[in-house]
Amino acid sequence: LLINILIALAALAMGIFVSTFANSEFQMIQFIPIVAIPQVFFSGIIPLENIADWVSVIGYLFPLRYAGDALTNIMIKSQGFEFIWFDIGILFVFIFVFTVLNIVGLKRYRKV
């Protein structure tokens, strides 16, 4: 449950951050595949060990990769918290970074 909440918060923060670059709703809808499809491919659906090293590095730039690793360790490998604390920590870092970027990026919409 914790991992699902963290990935939802990370995805929400990332989505709001990406929306700061869009000028309209239509443009934001065009951004969705650019962000979502690479996350799905690099999250572990395709084993990253079977692709080139320089391509596999891209997978570590997305929060879905860490959530997938944590869920795999819990559900399939039956491992405990000591094996997923790093992934949970990285998800917290993603949430923090995207929240800070949102605060900075959305300043242009604020009226003081």
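In case you wondered, yes, glycine gets a Cβ from its N, Cα and C as well.
For the domain 'ABC transmembrane type-2' (1-109), the DSSP-based tally of helix, strand and coil residues reads 92 helix, 0 strand, 17 coil. What TrEMBL records for 1-109 is domain 'ABC transmembrane type-2'.
Sequence-distant contacts of the transmembrane segment (6-22) (same chain, six or more residues past either end, CB-CB distance under 8 Å): 28, 31, 35, 63-64, 67, 88, 91-92, 94-95, 98-99, 101-102, 105-106. Positions annotated as transmembrane segment by TrEMBL: 6-22 (among others).
Summarising the annotation, TrEMBL assigns transmembrane segment to 34-63 (among others).
Summarising the annotation, TrEMBL assigns transmembrane segment to 83-106 (among others). Outside the transmembrane segment (83-106) by six or more residues, the chain places 2-3, 6-7, 9-10, 13-14, 16-17, 20, 63, 66-67, 69-70, 73-74, 77 with a CB less than 8 A from a CB of the stretch.
Below 8 angstroms of C-beta separation, residues 7, 10-11, 14-15, 18, 69, 72, 90-91, 94 of the same chain, each at least six residues beyond the ends of the transmembrane segment (34-63), sit close to that stretch.
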